[in-house]
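I have placed the structure first, in the form of C-alpha cells, so that the comments after it can refer back to it.
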Amino acid sequence: MSTNTKECLLKFLTSAKPYLAVIFLQIGYAGSAIIAKTALNNGMSHYTFAVYRNVIAVVVFAPCAALLERKIRPKMTLSIFWKIMLLGLLEPVIDQNLYYVGMKYTTATFATAMCNVLPAITFLLAWILRLENVNIWKMPSQAKIVGTIVTLGGATIMSLVGGPTIGLPWTKQHHNVSTTTSSTSPTELNPVKGALFIVAGCFCWACFYNLQAITLKKYPAGLSLTSLICMAGALQGTALTLVVQRGNSGIWSLHWGSSKFFASLYCGIVNSGIGYYVSGLIMNVKGPVFVTAFNPLGMVIVAILGSFILSEQLNLGRVVGAAVIVIGLYLVIWGTSKDDQKSSKNLSTTEDGEPVDKELTETKSSNQTVIGDESV
C-alpha cells in the first residue's frame, strides 16, 4: 500500500469517526427504547428507573474517570458545580421521567419517532446561544430554519393523525399475543398526552446538550463530567422519588435477573454512561446539533425491533408524520453541513495565509538587515 493511499485512508477514517460514533450511539438508544418499554409494561416505576440507571452509570464509570483522568481533571469551581447540578436535573431527572411517562401512554416506536423533534429544538437553542451560525439571507441557514418548522409539523402529524393500520406479516401473526401480554391496554394509550410529555422532555434534553457543550469548554474531562452528571441526577432523582412516591416503598424493589434489572443495567451503561461521554466527544468536533441529527436512524431501528419484539402496529398517520420529520431533519443537516464546509474553507484560507504573511515578514526583515549591513 502506497504512502498516499495510507494517508487518504487515514484521513477518511478520521473524518468518519464522528459519523460512526453517532450511528453506534443511535443503535444503542434504539435497543434501550425496546428494553425500557418492556420494563415499564412489567410495572416498573419510571421514577426509580431513572434513579437506578444513573446509579449504575456512576458505579461503572466513576472508577474509570478517577483512574484515567486524574492528571487532566480541572479544579472544581462554583460555576462548574452549578452547571453540573443543572445538567443532572435537566436530562437524568426531568427528561427521563417525562420521556418514560410519555412512553407509557404510547409505544416504543411512537416515543422514538417523537424524539425526532430534538434536533430542531437543539438547533433553535444553539442559535439563541450562538453555538450555531445562522444567516437568514444564506441558503444553508434558510434550509435549517425551514427544516425546523417541517420537523415540528411532522411531530404534530404523528400525534394527531391516525389512519388505517399498516399490517405487517410478523405483526399480524402476533397481534393476538400482543393484546394479552402488554400491560398497557388500548384504552390507556393516549398519543396526544404522550406526545406532550415527550416533547417537553426533548426540550430539557436539548437544553442539556447545549449546556453540556458549554460546560465541556471549561471542564474537558469527559468521563469525570459524565460521572458527576449521573451522580447529581441520581441524588436529585432520589429526592424527587421520595417526595412524589412517599409511602410507596414497593417501587424500589429490583430483583436480580428481572427485566427491570436488565433495563436499568443496559440504560445505565449505554444511555447514561456511554451516551453522555460519546456525545460529548462528538460535540467537541461537530457541535450539539450534529449529535442529535441522526435520530431518524434510531426511529427506523425501533420501528423494526418494536414490530418484531413488541408486536407494535403502525398506522398511516405515524408513517406520514415520521416521513415529514425525516425530510425536515435532513434539511437541517444539509444546511449545517454546508455551513461546516464554509467554515472549514475559511479556516483553511486563514491557515494558508499565515505562513505566507510570516514568510513575507521574515523576508522583509532580512532585507532590512542586509541593507543596514551594506550601509555600514
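Placed from the backbone N, Cα and C atoms, the Cβ positions cover glycine too.
Record features, source TrEMBL:
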DOMAIN    19-159  domain 'EamA'
TRANSMEM  20-40  transmembrane segment
TRANSMEM  46-68  transmembrane segment
TRANSMEM  80-102  transmembrane segment
TRANSMEM  108-129  transmembrane segment
TRANSMEM  149-171  transmembrane segment
TRANSMEM  191-211  transmembrane segment
DOMAIN    193-333  domain 'EamA'
TRANSMEM  223-243  transmembrane segment
TRANSMEM  263-282  transmembrane segment
TRANSMEM  289-310  transmembrane segment
TRANSMEM  316-335  transmembrane segment
REGION    340-376  region 'Disordered'
Task: the transmembrane segment (316-335) touching the transmembrane segment (20-40) per 3+ Cβ pairs under 8 Å rule - done: no
Open item on the list: Let me spell it out: take the transmembrane segment (316-335), skip the flanking residues so only those 6+ beyond its ends count, and list any with a Cβ under 8 Å from a Cβ in it.
Closed with: 109-110, 113, 116-117, 119-120, 123, 139-144, 146-164, 166, 289, 293, 295-296, 299, 303
Open item on the list: Before we move on, state whether the transmembrane segment (46-68) and the transmembrane segment (223-243) share at least 3 Cβ pairs under 8 Å, counting only pairs 6 or more apart in sequence.
Closed with: yes
- [ ] Quickly jot the same-chain residues contacting the transmembrane segment (263-282) by Cβ under 8 Å, restricted to those at least six beyond its ends, or write none.
- [x] 18, 21-22, 24-25, 28-29, 31-32, 35-36, 38-39, 44, 49, 52-57, 60-61, 92, 209, 212, 216, 222-223, 225-226, 229-230, 233, 254, 290-291
Task: Best-contacting stretch, by C-beta pairs under 8 Å, relative to the transmembrane segment (191-211) and drawn from 80-102, 108-129, 223-243 - done: 80-102
Open item on the list: If we skip the immediate neighbours and take only residues 6+ beyond the ends of the transmembrane segment (223-243), which ones have a Cβ under 8 Å from one of its Cβ atoms?
Closed with: 45, 47-48, 50-51, 54-55, 57-58, 61-62, 64-66, 68-69, 73, 84-85, 87-89, 91-93, 96-97, 212, 215-216, 251, 272-273, 276-277, 280
Task: Same-chain residues near the transmembrane segment (80-102), Cβ under 8 Å, at least 6 residues beyond its ends - done: 36, 40, 46-47, 49-50, 53-54, 74, 111, 114-115, 193-198, 200-202, 204-205, 207-208, 211-212, 214-215, 218-219, 225, 228-237, 240, 272
TODO: Summarise the model's confidence over the domain 'EamA' (19-159) as a mean pLDDT value.
DONE: 86
